[in-house]
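Pulled from TrEMBL, these are the features on record:
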- A:31-144: domain 'PurM-like N-terminal' (DOMAIN)
- A:Asp33, A:Ser48, A:Asp79: Mg(2+) 4 binding site (BINDING)
- A:Asp33, A:Asp79, A:Asp219: Mg(2+) 3 binding site (BINDING)
- A:Thr49, A:Asp50, A:Asp127: Mg(2+) 1 binding site (BINDING)
- A:Asp50, A:Asp79: Mg(2+) 2 binding site (BINDING)
- A:His57, A:Glu272, A:Tyr328: substrate binding site (BINDING)
- A:Gly126, A:Asp127, A:Arg153, A:Ser221: ATP binding site (BINDING)
- A:160-313: domain 'PurM-like C-terminal' (DOMAIN)
- A:Asp222: Mg(2+) 5 binding site (BINDING)
Protein chains: 2
Amino acid sequence: MKGLAELGEFGLIDQIRARFPQPVAPELGIGDDAALLSPSAGSQVVVSTDLLAEGVHFDLGFGPARLLGRKSLAVNLSDIASMGAVPRWFFLSLAIPAGFPLETIEGLLDGLAEQAAEYGCILAGGDTCGSKSGLVISVTIMGEQRPELILKRSGAVLDDEVWVSGSLGDSALGLQLLMEGKRLGQSDDYLMQRQLDPTPRCDLGRKLAEAGLVNAMIDISDGLLADLGHIGEQSGCGAEIQLGQLLLSPAFQAYAANQHAFPWQLAVSGGEDYELCFTAPVCNHGAIQKISKTTGIPLTVIGKITSSRQVQAILPDGTNFQPSASGYTHF
Amino acid sequence: MKGLAELGEFGLIDQIRARFPQPVAPELGIGDDAALLSPSAGSQVVVSTDLLAEGVHFDLGFGPARLLGRKSLAVNLSDIASMGAVPRWFFLSLAIPAGFPLETIEGLLDGLAEQAAEYGCILAGGDTCGSKSGLVISVTIMGEQRPELILKRSGAVLDDEVWVSGSLGDSALGLQLLMEGKRLGQSDDYLMQRQLDPTPRCDLGRKLAEAGLVNAMIDISDGLLADLGHIGEQSGCGAEIQLGQLLLSPAFQAYAANQHAFPWQLAVSGGEDYELCFTAPVCNHGAIQKISKTTGIPLTVIGKITSSRQVQAILPDGTNFQPSASGYTHF
């Protein structure tokens, strides 16, 4: 099998080019000093970027490289979803260690190409280079939306209902299982899949924005409490949530049933759920439930926006939940 | 002095925020899931991205971190310049090893902020995370220009004159001196400055594009022969250049005078010049010389576009130059 060194930088770029459809004229993708993009008239451009470093964000031993490729784009798609925007283009930079297996890179590119095709997001450019140690993946994504429809963290209003899509905690629990040595193909695949191959809520985010039902939105990457806290900070308010209202998957509940203490920490601070958390006026409740039905994605009210400037989480027994840590720290 | 671990991820983001002016409404920068940008009506968006990895693209021992910050943005600005576009926004992602000195990060940010202010480029977002080993800097830059003015690699026409801005080889020679152990503050500062603090030719690139004088343009990052080769590939043509016509700086010439063989290799394949190479009809020669005068940047004709599908470099004695390698390989 041909190695990366033999393939070379331009060979690698050809491998990338072969997997991704190119922008159509008058746009210009891979092969010049810069990409040329034509956003729709009247749209704002919505841009997000995420850096994933080996040994920090991912462990290549946890699952196939294809899933890592899918996730690298999914976490960026999720940021576009949380603004209610439509993904359009992305840029991929890879720093690859010397002697890195070519088939891992090919798997990574396959996963990225799958995910890009699923969400209609075009690879418009990037950069490839060597790395002194681990693999580093940098993705910058660009979407678009009419400015008046874009959902920010700053729009929450007192007495808004706080909604969450899907179930929480699966991804964090899946990561815990992987760190304990479990792998895909055994039991608990659902939980590990949620960690290794999260689903960005692009269709849902866009529908909520275009229906004009929502005041503020964020995607849950750092954990519900931390991310709802970001909405509070930007909106100048707080929130009170009832943990008993959280939707938990059957797999999560089955795991919880075997624990001494219910693993609330995983559900509300574990992070990497990539579900959407949003706030909306009570009068929009029915219309939002209809969107839940048409998209097939569960949407649950878990609390409301308060004037308290903090996020208070109430356990099913009525006492306050005290998180042991909220969100991941990098340094 | 406060360390990075004590400062934390959000403290670091505050440090970044403090150094860079934020986009003005209705645009939205750091602090939401994505940045919102409003390109000018009728413009295409021009996007480029570069990943710089410690030990691959830079050595922190070679010069102050401030210059590394300036260069991280300069190499991206140069890509925007080579399209004839105007830089507008950039995104900065940093993967930082545990225990990395905070003052190095501060120097890096200072340099980025200086360069951003000089070129009117707004920091609109980014990402920060840990790194298993070296520092990784990922910059994505966005500019804009009216589509009919944008200069691509693909526009070169038979018999076009081939032009180069500034002098070539200084940066590659500066790198050689740094690798030999020389440092700034001794002799040869000019050469090492050209390596550590290159000047992107944004004003020149924009003026050439807006004057409508040029058919194809590229910035010289991989070395003149490789980059002129890219113009040839994309335009379906070749070029013949006279090495005796190349502008070489007094410092480069002084170094060359002490060598057994003239270091053509450094001048045409060393790379990282970040000068512009462009092709233009002979009838625009005088108008281009005028732009050279108004910008104060030397512009030199070094050859012409041919139908040969290769780049031929002729030495001053009339023989063909044989490069020992063209451009840097990463893997």
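Positions of Cβ are set from backbone N, Cα and C atoms, glycine also.
Unlike curated records, TrEMBL annotations are generated automatically.
Sequence features annotated in TrEMBL and their locations in the structure.
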| residue | record | DSSP class |
| --- | --- | --- |
| A:Asp33 | Mg(2+) 4 binding site | coil |
| A:Ser48 | Mg(2+) 4 binding site | strand |
| A:His57 | substrate binding site | coil |
| A:Gly126 | ATP binding site | strand |
| A:Arg153 | ATP binding site | helix |
| A:Asp219 | Mg(2+) 3 binding site | strand |
| A:Glu272 | substrate binding site | coil |
Rounded Cα separation (Å) that holds between A:Gly126 (ATP binding site) and A:Asp33 (Mg(2+) 4 binding site):
10
Which one of the binding-site residues (A:Asp50, A:Asp79, A:Asp127) has its C-beta surrounded by the most other C-beta atoms within 10 angstroms?
A:Asp79
Chain-internal residues, separated by at least six, CB under 8 A from A:Asp219 (Mg(2+) 3 binding site)
A:Ser78, A:Asp79, A:Ala81, A:Ser82, A:Pro200, A:Arg201, A:Asp227, A:Tyr274, A:Glu275, A:Leu276, A:Cys277
Run through the Cβ atoms and count how many others sit within 10 Å of the one on A:Asp33 (Mg(2+) 4 binding site).
24
Of the binding-site residues listed (A:His57, A:Arg153), the greatest number of other CB atoms within 10 A surrounds the CB of A:Arg153
Binding-site residues A:Asp33, A:Asp222, A:Glu272: which sit with Cβ under 8 Å of a chain B Cβ?
A:Asp33
Compile a sequence-ordered list of residues in the same chain as A:Ser48 (Mg(2+) 4 binding site), six or more apart from it, whose Cβ lies below 8 A from its Cβ; state 'none' when nothing qualifies.
A:Asn76, A:Asp79, A:Ile80, A:Thr140, A:Ile141
Considering the binding-site residues A:Thr49, A:Ser221, which residue's Cβ sits among the greatest number of other Cβ atoms within 10 Å?
A:Thr49
In three-state DSSP terms, the structure that A:Asp79 (Mg(2+) 4 binding site) belongs to:
helix
Taking the Cα of A:Glu272 (substrate binding site) as the centre, which of the binding-site residues listed as A:Asp33, A:Asp50, A:Ser221 lie within 10 Å of it?
A:Ser221
Cα distance, A:Asp33 (Mg(2+) 4 binding site) to A:Ser221 (ATP binding site), nearest Å?
33
From the binding-site residues A:Thr49, A:His57, A:Asp127, A:Arg153, A:Asp222, pick the residue whose C-alpha lies nearest to the C-alpha of A:Asp33 (Mg(2+) 4 binding site).
A:Asp127
Could you please provide the mean pLDDT value for the domain 'PurM-like N-terminal' (A:31-144)?
93
